[in-house]
Amino acid sequence: MKLFSSVHDVQDIKQLVASALALKASPYAHSDLGKNKTLGLVFMNPSLRTRLSTQKAALNLGMNVMVMNMDKEGWALETQDGVIMNGTTVEHIREAAAVMGEYCDILGLRSFPKLQNRDEDYNEEFFNKFVKFCGVPVVSLESATRHPLQSLADLVTITETWKPIPNPSQREGSSKSLNLAEGETPLPLGEAGRGLPKVVLAWAPHIKPLPQAVPNSFAEWMCKAQAEGMLDFTIAQPEGFELEESFTPGAKISHNLDEAIADADYVYVKNWSSYKEYGKLLDFPEGWMMNNKKLSLTNNAKVMHCLPVRRDLELASEILDGPNSLVIHEAGNRLWAAQAVLKAMLEEL
Amino acid sequence: MKLFSSVHDVQDIKQLVASALALKASPYAHSDLGKNKTLGLVFMNPSLRTRLSTQKAALNLGMNVMVMNMDKEGWALETQDGVIMNGTTVEHIREAAAVMGEYCDILGLRSFPKLQNRDEDYNEEFFNKFVKFCGVPVVSLESATRHPLQSLADLVTITETWKPIPNPSQREGSSKSLNLAEGETPLPLGEAGRGLPKVVLAWAPHIKPLPQAVPNSFAEWMCKAQAEGMLDFTIAQPEGFELEESFTPGAKISHNLDEAIADADYVYVKNWSSYKEYGKLLDFPEGWMMNNKKLSLTNNAKVMHCLPVRRDLELASEILDGPNSLVIHEAGNRLWAAQAVLKAMLEEL
Amino acid sequence: MKLFSSVHDVQDIKQLVASALALKASPYAHSDLGKNKTLGLVFMNPSLRTRLSTQKAALNLGMNVMVMNMDKEGWALETQDGVIMNGTTVEHIREAAAVMGEYCDILGLRSFPKLQNRDEDYNEEFFNKFVKFCGVPVVSLESATRHPLQSLADLVTITETWKPIPNPSQREGSSKSLNLAEGETPLPLGEAGRGLPKVVLAWAPHIKPLPQAVPNSFAEWMCKAQAEGMLDFTIAQPEGFELEESFTPGAKISHNLDEAIADADYVYVKNWSSYKEYGKLLDFPEGWMMNNKKLSLTNNAKVMHCLPVRRDLELASEILDGPNSLVIHEAGNRLWAAQAVLKAMLEEL
């Protein structure tokens, strides 16, 4: 793999999920693969999970890691071409990216959208220029419109926690999806007899206009998984909060949360701001925060969130602190998602 | 060891001091112990000595280290339960701590007090919630009320520099406490014939209200050492600057600096703000800065300070630049204190 | 080597250049040399190239690296002696440097000038005090008046890219200066038959008063190389922008850019502010930005710049994006320059 920026960069998502789960079972099985290889992690924005999980993933593969908080430790970057740089930007992304490529074998980049100009954000100008000019394989650590390491971890989490084949006699140990023997990984979703989980992406309230990167990306991966017969996917949001259509092919769309989550097996809670009224904080209706009452409408659904989460604004504490929450488990799987991607890149260096 | 937050977490302080000195003699003797183990260092506040010495300690043990400047690189954290997070905090410590525990085998945390609400600070809400929710062993890198790695390094320094057994024939090489043969470590304080050093914690002036963490912790460790027959401990401070009593069991307390330091072997200089008038900058009397004139009252005492130190405000330059200062030596021992604690934790992972 | 702060610290610049090129040919040939040795990188100012290339260099040599953003992660430092520290500075460089020396085997320091007091900057007070008090070998990562790792990388780049011996029969493979066989390094500049490149340091416009560190240092290294018969060196700048004389012994000085770059083989573009009118932003004449028209006056010169560069203010995009630019190649060589210096230091530890 030379680029990991979206689900479209992945040839076989089932295989990538299986690779992540195999690495979870044997984290150090490839600890020589990254010898003398260096991962550079470039942050234009804050990061906790991505920062730590990707570092750890690289260390597990024997790589060296260098972290660059470009927004704080480096120089203000220009991204536009053809401008005379006589303002506040000190270095052009053409040079900055190329230089980082000189020192690193693989680069990771986090660059949030500005939420001011939709075209600029959705063209992924910053991310794409970085990829173009750095000259080495790049992993997205969340770009303006996508967060694919998160989405891969989410699919890994669903695969891992979904109920196994109903008839245990079909496969020894199949009932211990979270407690597999060493080296053993769950069967892929959609395997004969395993049944399909109903997964719902549920919009949630917030006090700020947030990017669409996580929901875009989650939708894109779930739609792909649905197309491959791995699950059933629905998106619920208030009117006016529809995601850009190219991210949601085949998804069922609902404006009624209660109807959408009926019989759901997984509810993925996330706020995002309007794509149509870009960058604005729209009014939204009551009743869109997941809590135990709403949970009772589901098929005892597992509840997911990419974190950070604002408690009792986006998602009720009673869920986060209860038995149905997968949020920490899901964050833990960020490590294996990152390690699977880095492993695939190292194998092609 | 599963937690290192105070002297109360240590079963045998003599043994821990001996372990630190053994590591100083043979830094790489356990360089495989930390293989494939990751230390996460989480800073809510600035750090120089703690940051570098703890990293180095972990590297000496073969660990990987990930540093997280949570105040700058991550998300603003909420610590209160039961609040709707519709303000400035973006992530709750419940999630943040749990997530960091997913990626790290041991965590270190620095979290200063706010000096606004004494109960909140002395309940160690932030530190204790972090410990509770992260799910892995935790080393304090200085909390609201204690700085135990500093105190352990201080006790190591006193043990190491205190005059050895008077009759050299009793033990070959006993006179070279700072110049031991490789693998050789000083005898514990309080061993027959070695004599007891008089240690004085001496309050010093400052222009800002500082936390009580370092003096609390130093007092706690010295009181414990006194109880174990290792030394003799006195605290000197102006009236109104008494430490909270539970940190000073058995300590002699004085409001007269000159009397307190008479015949002292070690003077530990440190400012702290009032516990009673919490968070305030009280007026203080003249004559509380250690200088050479005051030093002449002592038994040619060694002078210690945890650093950073404001020269000629807290402590006279003539002492810092003179032969009685142990401050750099003491800072150097932070490494071995950290390594001893990490080693003890790794052995129980 | 115990100190790398200027060309004067180097016994044999040809040998050091050769060492850098040998390391480029075999990056991991000395990967055990740094085992159990720690490099501390201390930044008082932003850094991209220096930060990453020096880290990578140390990792290639098997060292551990600890990065300290002293301006953000540590304490405000006092550098003056004899002051009562009752202001904004929290720690004196005497203690800070000494403490860092306790944890590190080699230290790197970046400390820009303040451009307010010329004597203070040119006395290198901060850098020299750090060296004096830290007690371990120090590599300059750019000080107030010099940037020697950059200059070494520049000389490496010129050596590597300069046309080889005219008669290829003299030496097999001599025509592939950028494409040498593994383990093969270019002949030193000035070797019989190789000819001497004409190198011009060309002042460029800017909107801010910048330090003289890069041009001072480049001039110092080129003058030394010229004295050793390796190249021919000219400096071009508008009147009033002359560098301090001790940095330019033997250099030809011109106030006419077009005349200076006639027949040049290398043009090193860089802005600097006036040494005479220290810290001020002087008016400057038109026509000092290198572009393709000016390039046509040269001997098809390679164009260099230390980066970051402000496009179309300091240097035309058409050059940066064209075939004559060496800026990325030059930045890449920062790695080998740093590795050669660290290797020389490790060998004497």
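Positions of Cβ are set from backbone N, Cα and C atoms, glycine also.
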For the carbamoyl phosphate site that TrEMBL gives as A:Ser47, A:Leu48, A:Arg49, A:Thr50, A:Trp75, A:His147, A:Pro148, A:Leu149, A:Gln150, A:Cys306, A:Leu307, A:Arg334, the extra residue out of A:Arg110, A:Arg194 is A:Arg110
Per TrEMBL: N(2)-succinyl-L-ornithine is bound by A:Glu142, A:Lys270, A:Arg310, and from A:His92, A:His206, A:His329 the site also lists A:His206
Cβ under 8 Å from chain C, restricted to the binding-site residues A:Ser47, A:Arg49, A:His147, A:Leu149, A:Arg334, picks out none
Filtering the binding-site residues A:Arg49, A:Glu142, A:Leu149, A:Lys270, A:Cys306 for a C-beta under 8 angstroms from chain B leaves A:Arg49
Ordered by sequence, the long-range same-chain Cβ contacts of A:Arg49 (carbamoyl phosphate binding site) under 8 Å (at least 6 apart) are A:Leu307, A:Ala331, A:Arg334
Across all protein chains shown, the one of the binding-site residues A:His206, A:Arg310, A:Arg334 with the most other Cβ atoms within 10 Å of its Cβ is A:Arg334
A:Ser47, A:Leu48, A:Arg49, A:Thr50, A:Trp75, A:Arg110, A:His147, A:Pro148, A:Leu149, A:Gln150, A:Cys306, A:Leu307, A:Arg334 bind carbamoyl phosphate per the record; greatest CA separation between any two, in Å, is 30
For A:Ser47 (carbamoyl phosphate binding site), the nonlocal same-chain Cβ neighbours (under 8 Å, six or more residues apart) come out as A:Arg110, A:Leu141, A:Glu142
Around the Cβ of A:Leu149 (carbamoyl phosphate binding site), other Cβ atoms found within 10 Å total 26
Candidates A:His206, A:Lys270, A:Arg310 (binding-site residues); nearest Cα to A:Leu149 (carbamoyl phosphate binding site) turns out to be A:Lys270
